[in-house]
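**Student:** Would you mind keeping the following structure in view while I ask a few things?
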Amino acid sequence: MTEHILELNGITKEFPGVKALDNVQFELKTGEIHALMGENGAGKSTFIKVITGVHQPNEGRIKLEGEEITFQGPKDANAKGIAAIYQHVTNYPDLSITENIYMGHEKINKKTRMINWKEMHQDAKKLLESLGSKLDPKTEMSVLSVAQQQIVEIAKALSSNAKIIIMDEPTAALTHRESEELYKITERLRDEGVSIIFISHRFEDMYRLADRVTVFRDSQYIGTWNVVDITNDDLIVAMVGREIKQLFPDKTNIIKEEVLRLEKLGQIGRFKDISINLHRGEILGITGLVGAGRSELCQAMFGIEPYDEGAMYFEGTRISIDNPTDAIKLGIGYLPEDRQAQSLILQWEIKQNITLASLAQYSKNGWLNEKKEREIAKELAEKVDVKTNSVFSLASSLSGGNQQKVSVAKLLTTDLKVIIFDEPTKGVDIGAKSAIYQIIVDLASSGYGIIMVSSEMPEVLGLSDRIAVMCEGRLTKVMGNEEATQEKILEAAMTKEMAVH
Amino acid sequence: MSTRTINHIQDFSWKRFFLQWEWMLILLIIAIFTMNSSLSPYFLNYISITDATMTFLDKAFIVFPMVMIMIMREIDISVGSTVALSSVVMAVAYNAGVPMVLAIMICLLVGALCGLFNGFLLVKYKELSAVIVTLSTMILYRGIAYMILENQSSGGFPMWFSFFGWGYVGTIPFILILFLLLAVIFVLVLQKTIFGRHIYAIGSNPIASRFSGVKVDRVKLIVFTLAGLMAAITAVFLTSRMGSTRPNVANMYELDVIAMVALGGISTAGGKGKMLGAILAVFVIGYLQYGLGLINVPAQSLLVIIGLLLIISVTVTNLRMKGKLKKKTSN
């Protein structure tokens with residue numbers, strides 16, 4: 001038995017035009033939780049695909065339990081006990097938990113050559129129980145929460161006797177409490193001798209869980225440290241390659257007159273009695289637990305799903321917004337939470353993405369002026385500092401943070417007075433995060449009214465002038481930045497929950 | 001706060017220019033011309049080429065809106081029935097005493113209404129798929145045509161009406177002039193206007209389009225109505241060429257049209273393809289059918305050849321896209 005269950009050395013993987021991995025190394029000890037960190041585009045995803053056999057490296061050696069091996073495909077890696085669990089769980093939503101766990105290696109009754117359902121259900125139940133879950137294995141996958149689906153995925157990995165489990169940003173879509181559950185399960189797995197590679201953007205995941213951390217940057221291996229030995233700042237320098245002196249920019253915005261007011265806004269089953277206002281030059285943070293109705297409120301203000309009751313006033317006049325076209329025309333813009341599904345057309349060029357919401361400006365009687373369109377796109381892409389050489393690059397070729405910048409640039413093409421940012425830094429690396437914060441503050445300084453919905457407490461506290469907290473569809477507290485603390489926010493975010501139980 | 005300059009002028013690249021599916025279609029047309037003229041000494045003269053063109057152009061009008069529909073990731077299989085219904089209504093109206101000019105107007109109106117109804121159903125009931133909706137109306141419209149005329153034929157149109165199907169302006173068939181004129185308009189609308197850009201956006205990501213302020217429902221309604229209107233124009237030319245109409249005319253036209261669009265390089269996955277490709281494909285299939293007719297290839301073999309051509313073209317265009325995707329999504 002060697003100390004290292006998995007060793008990779010000198011791994012290089014090239015794609016046409018890019019070196020996604022450049023001579024990287026990695027060692028995983030038996031029974032440890034090893035965090036893998038790095039900015040988007042650092043090569044983590046490609047590296048995982050090499051370990052799971054999806055990609056074959058151009059150079060380098062992989063040693064599993066001391067023996068050199070090569071994987072022809074994901075099935076090989078799976079057979080050797082390597083399993084991966086992704087942030088976006090890939091499963092069969094209409095099938096039961098049991099079917100999902102045993103997909104591809106169903107238990108067969110030797111005599112009848114039929115599937116042995118009884119045994120499969122029993123074993124699935126045992127697996128789930130070993131993970132501390134009381135779910136009925138006959139439940140349909142689609143009714144489970146993301147956290148529960150991940151537990152099923154872990155059970156699936158265990159059912160094929162996984163010795164190495166790779167978790168790719170598993171906590172990204174989880175609440176704090178759910179994350180805590182996941183931590184416990186992960187630790188239990190480690191204690192049973194499973195080795196775990198844990199990928200996350202959240203520092204707290206790493207501190208809470210990992211024994212060691214490896215950092216990649218720009219397709220290269222930077223280093224491996226014991227978690228107890230590395231400081232926050234050192235880790236950021238390792239990941240970003242430079243010091244980020246200040247994650248949050250100096251606030252230069254000045255709050256002016258009121259621009260938007262909501263009076264008792266409500267949408268059946270989603271939110272109720274929301275009364276709040278927004279000023280020019282102000283950043284209003286809206287926070288709360290997942291499912292508190294924050295996105296629903298913002299989407300109602302933007303006309304995606306119109307509100308049922310109450311009134312909205314824009315610059316003092318009562319308005320009605322039935323669709324996003326109306327909202328944009330009035331001057332209300334919305335940066336959706338899910339940029340890939342709701343904002344960008346990934347297979348399009350950056351240029352066309354930036355101009356989609358404002359084509360009327362580059363056209364005469366409906367005919368496009370493509371030269372003008374190109375110029376505006378260039379100007380805005382430069383303004384938000386998209387890391388690309390040309391506005392003709394496809395949006396899909398950009399990292400998450402730069403895709404987000406393109407989404408922001410798209411908002412800036414229209415003549416807006418209010419911008420709603422819904423989770424603006426979700427899935428974005430720390431370098432891009434600080435750039436997006438700077439953009440938000442600059443926009444407020446130039447007179448936009450900004451609403452920022454976010455689940456990240458430091459972000460809400462670091463940027464907002466006022467903070468509104470929602471819980472179960474209601475506004476439970478509005479406070480100025482100076483009086484706000486993490487504790488107060490959390491308390492307000494759980495107010496209703498406590499009252500109910 | 002900008003730190004870099006981003007290029008916004010694209011260098012012209014011959015490689016990119018020639019790597020377009022449209023060149024393949026042009027080569028195909030040349031090959032078919034070569035084949036046709038070697039098969040029949042009578043093919044390569046002006047009269048027989050224009051003659052050939054007139055026989056296959058009527059249904060080609062529907063290709064224009066069908067390209068838009070398929071780029072939007074939708075489909076309309078009711079267009080053949082729309083042709084039949086608007087043609088039958090026109091003939092019956094004329095024979096009931098309505099002046100011919102007015103009867104033609106009614107024909108166009110009926111077609112547009114058929115298309116509008118398809119669009120309305122799709123926009124109103126978003127969970128329904130276009131295949132099912134237009135399959136229903138395909139049966140419905142054809143059924144109404146049969147109710148109106150039973151299994152009779154109706155004709156006896158005034159002499160001047162035959163101009164649509166048989167008339168020349170100078171030495172060029174009228175139908176060809178109108179087709180080319182509309183072709184130019186549709187190419188420009190799809191590639192150079194906001195409306196066209198919105199069609200591509202809807203086909204690529206309908207949700208992001210809505211969030212970007214694109215009036216998705218309105219665009220769909222307009223395009224489906226256009227499909228009905230173009231089907232009615234087909235009805236006018238077809239009825240004029242035949243001199244009379246029956247409820248069973250334009251049978252399977254929808255499939256011919258979809259075949260032309262697919263051969264033109266428009267992906268059924270939405271968001272991709274050009275109007276010009278589909279227009280070229282009209283001529284590929286048209287001249288191929290005509291040429292094989294010249295040497296008396298039986299109709300069944302003709303179907304086999306067109307089917308094979310379609311499989312090859314769809315495979316090639318899809319493989320091409322897959323190759324591109326692989327490169328783009330690496331890392």
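For all residues, glycine too, the Cβ spot is worked out from N, Cα and C.
Annotations for this protein, taken from TrEMBL, read as follows:
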TRANSMEM  B:21-44  transmembrane segment
TRANSMEM  B:56-72  transmembrane segment
TRANSMEM  B:79-96  transmembrane segment
TRANSMEM  B:102-123  transmembrane segment
TRANSMEM  B:130-149  transmembrane segment
TRANSMEM  B:169-190  transmembrane segment
TRANSMEM  B:219-238  transmembrane segment
TRANSMEM  B:250-269  transmembrane segment
TRANSMEM  B:276-295  transmembrane segment
TRANSMEM  B:301-319  transmembrane segment
**Student:** Counting a contact as 3 or more Cβ pairs under 8 Å, with residues at least 6 apart in sequence, do the transmembrane segment (B:130-149) and the transmembrane segment (B:79-96) touch?
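**Tutor:** Yes, these stretches are in contact.
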**Student:** Are the transmembrane segment (B:219-238) and the transmembrane segment (B:56-72) close enough that 3 or more Cβ pairs fall under 8 Å, when only pairs 6 or more apart in sequence count?
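**Tutor:** Yes, these stretches are in contact.
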**Student:** Which one of these stretches, B:21-44, B:79-96, B:102-123, B:169-190, has the most C-beta pairs shorter than 8 Å to the transmembrane segment (B:250-269)?
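**Tutor:** Comparing B:21-44, B:79-96, B:102-123, B:169-190 against the transmembrane segment (B:250-269), the winner is B:79-96.
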**Student:** For the transmembrane segment (B:102-123) and the transmembrane segment (B:276-295), decide whether they are in contact, meaning at least 3 CB pairs lie under 8 A, counting pairs 6 or more apart in sequence.
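**Tutor:** Answer no: the transmembrane segment (B:102-123) and the transmembrane segment (B:276-295) share fewer than 3 Cβ pairs below 8 Å.
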**Student:** Who are the long-range neighbours of the transmembrane segment (B:219-238) in its own chain, taking Cβ under 8 Å and residues 6 or more past its ends?
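**Tutor:** Hits for the transmembrane segment (B:219-238): 57-59, 61-62, 64-66, 68-69, 72, 74, 76, 79-80, 82-84, 86-87, 90, 104, 107-116, 118-120, 122-123, 164-165, 175, 195, 198-199, 202, 245, 249-250, 253.
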**Student:** Same chain only, please: residues at least 6 beyond the ends of the transmembrane segment (B:276-295) with a C-beta under 8 Å from a C-beta of the stretch. Say none if there are none.
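**Tutor:** Non-local partners: 21-22, 25-26, 28-29, 32-33, 35-36, 39-40, 42-43, 52-53, 55-57, 60, 63-64, 66-67, 183, 187, 256, 259-261, 263-266, 301-302, 305-306, 309.
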